[in-house]
Amino acid sequence: MTLTTEKQVKVVVDRDVVPTSFEKWAKPGHFSRSLAKGPKTTTWIWNLHADAHDFDSHTSSLEEVSRKIFSAHFGQLAIIFIWLSGMYFHGARFSNYVAWLSNPTGIKPSAQVVWPIVGQQILNADVGGGMQGIQITSGLFQLWRASGIVNELQLYVTALGGLGMAGLMIFAGWFHYHKAAPKLEWFQNVESMLNHHLAGLLGLGSLSWAGHQIHVSLPINKLLDAGVAPSSIPLPHEFILNRNLMAELYPSFQQGLVPFFTLNWKQYSDILTFKGGLSPVTGGLWLTDVAHHHLAIAVLFLVAGHMYRTNWGIGHSIKQILEAHKGPLTGEGHKGLYEILTTSWHANLAINLAMLGSLSIIVAHHMYAMPPYPYLATDYPTQLSLFTHHMWIGGFCIVGAGAHAAIYMVRDYSPTVNFNNVLDRMIRHRDAIISHLNWVCIFLGMHSFGLYIHNDTMRALGRAQDMFSDTAIQLQPVFAQWIQQIHTLAPGNTAVNALATASYAFGADTVTVGSKIAMMPIKLGTADFMVHHIHAFTIHVTTLILLKGVLYARNSRLIPDKANLGFRFPCDGPGRGGTCQVSAWDHVFLGLFWMYNALSIVIFHFSWKMQSDVWGTVTSNGAISHITGGNFAQSAITINGWLRDFLWAQASQVIQSYGSSLSAYGLMFLGAHFVWAFSLMFLFSGRGYWQELIESIVWAHNKLKVAPAIAPRALSITQGRAVGVAHYLLGGIATTWAFFLARIIAVG
């Protein structure tokens, strides 16, 4: 008889790699030999911030970089849990949540009370429910109701749970860097990672949410919708433990799991529905539809989490899948991409940021077209805030994708790995790509802007009949209208038992809650056609800048050795007629401004369109009255209309907010304009000017024998641009925030 030795379990961690040292952490710049020496000039503090998280500059070991990123992720999660915990704590301690639950259409959500130090209590408005506070627009009240939270105690407990999770995350971050640090092969085991993330995070995550919705949220929301007082609703565990209690609300519970195992699944159609449309009581998606959706998603992801080959020799191999992708025109196709994505975290991050950013923008649009939570659709300030928020997040992620793709090109790109594959072929015909994209941008910009200029001119000359408008020369968005019609009619054939189309934005009825419009068909016309082409123009220009930055990150005709200069450098000397703003970093810098341009027009379009054509009230006899009375179609077709009827007309609330509970927005509007203007000082002025000024100030200090030990230095060119764009965006975003909220809280 022969004995086979058992296969040893693979150890994928190293023990006690980095000692835990508070002395080391207390030393600023401990990660860099030059920074650890301490400051000689004021540039030191800038370099400290620039390099603290640039792990590539700390070490050349990919394993060590991977461990630092992994550990930092736990730190990030800890911060998120603390932040969430604070949100829930405010809901428990400083809010009118329970009052709002009993009258969500009449009471405004508030979870913040301003302390009266020097008269700030003016900001505490009468929001209803016996509460004086600031109206919040985060949508958390609606989310809590959908979760089945009915009292402050549940919010307190969840807040404590968040702090507990934060502590766990901080511990995990320390443990997996100092005590048991994963080896590089663990980080590069993509099949195992895919299986765990798909089946664990997305599959079991969706399944547990579906379970919570079915066993806790559905019964509680059904009782709330029926008008039962929050204080009389049974506690969540009673619904879970007492089947009879559930069966009163959802009869299929009486049958237990028998229908599941006998495949008689239609018995569960009272908890897992396919109604479509919105609930007429809450104006949100049917929660039974949402539970069904999460159950289906869970099944899909649990299957997906078993698709990739690990220890059992069955399933997909990512490397094989990628290398099989060879088209007739793509040479070696995706060969080499596996090596890129397992050795360059910048390349990996670039793809993930592009995906996540696009997803955030998709979420922004679904939140109003298919509002997921009860009473969200009629809370106009929250709807506007959620749209704006998800658009900004998406824009920043997509620009970040351009940034990290360019860093990959500069730091991690290998010409031997990328021979004649899709990336190499993109780089080899980059001139054709960029010049064509540039032509598209000029075409879109000239024509879309030209339509507006034409209309402004005709209106100024009093020739309304010669304008592009719904009442003169029509430019109807026929393709969009066709898609709307298909989506309105199709469910009648594809989902015969559904009550309504997926979104009322396409067509069908007007949904009202109380007398407020939750959602209704969004009619598209000439004004939408015109502004959509401005969207196309700004998106293409942003793409042009970012893509040019990536494709020319390593070299160009102007600077053949660009890769040697690094990711960020101000210029390559004064020759060749000037070489400024050619670094990959500068393309990201310029791309941020166009991202801001693009998104400003998107959120302005959304804000005005919804106020003009969707949001408003319905009288008892069915007459619809919109906030701005449908003025979008005739006003948004000229530049003057945008300036006069949107920006100026709707700024009256923020400009006249002084002395009211909205006065903070008036001050923010003013202050944010100042921050924005302050940015121009950094963007329109050269470094030499400031260095000269500093030297004359230092001379005066020397005369008085009060010269500092740390020599002052002007910001470098790149630092100045970074400070400039940061204040430009911060000022612009905060100005928009104040403008939007003062307006919509006053009229919405």
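Positions of Cβ are set from backbone N, Cα and C atoms, glycine also.
Keep in mind it's a predicted model, so treat the numbers as computed, not measured.
Among the residue ranges 194-218, 219-243, 469-493, the one that Swiss-Prot annotates as transmembrane segment is 194-218. A contact links the transmembrane segment (662-684) to the transmembrane segment (722-742), because at least 3 Cβ pairs that are 6 or more residues apart lie under 8 A. Note: the stretches the transmembrane segment (345-368) and the transmembrane segment (290-308) are not in contact (fewer than 3 CB pairs below 8 A, sequence gap of 6 or more).
By a simple count of nearby Cβ atoms, those within 10 Å, the most crowded of the binding-site residues TYR689, TRP690 is TRP690. Long-range contacts of the transmembrane segment (194-218) within the same chain, counting only residues at least 6 positions beyond its ends with a Cβ under 8 Å from a Cβ of the stretch, are 146-148, 236, 239-240, 246, 249-250, 271-272, 287-288, 290-291, 294-295, 297-298, 300-302, 304-308, 310, 318.
Sequence-distant contacts of the transmembrane segment (432-454), counting only residues of its own chain at least 6 positions beyond either end whose CB sits under 8 Å from a CB of the stretch, comprise 426, 467-468, 475, 530, 533-534, 536-537, 540-541, 543-544, 547-548, 551-552, 637-639. For the binding-site residues CYS571, MET681, the greatest number of Cβ atoms within 10 Å around a candidate Cβ is found at CYS571.
Counting same-chain residues at least six beyond the ends of the transmembrane segment (384-410), those with a Cβ under 8 angstroms from any Cβ of the stretch are 137-139, 340, 344, 346-347, 349-351, 353-354, 356-361, 363-365, 367-368, 542, 545-547, 549-550, 553-554, 562-563, 566-567, 584-585, 587-588, 591-592, 595-596, 598-599, 602-603, 606-607, 610, 733, 736-737, 740-741, 744, 748. For HIS673 (chlorophyll a' binding site), other Cβ atoms within 10 Å of its Cβ number 15.
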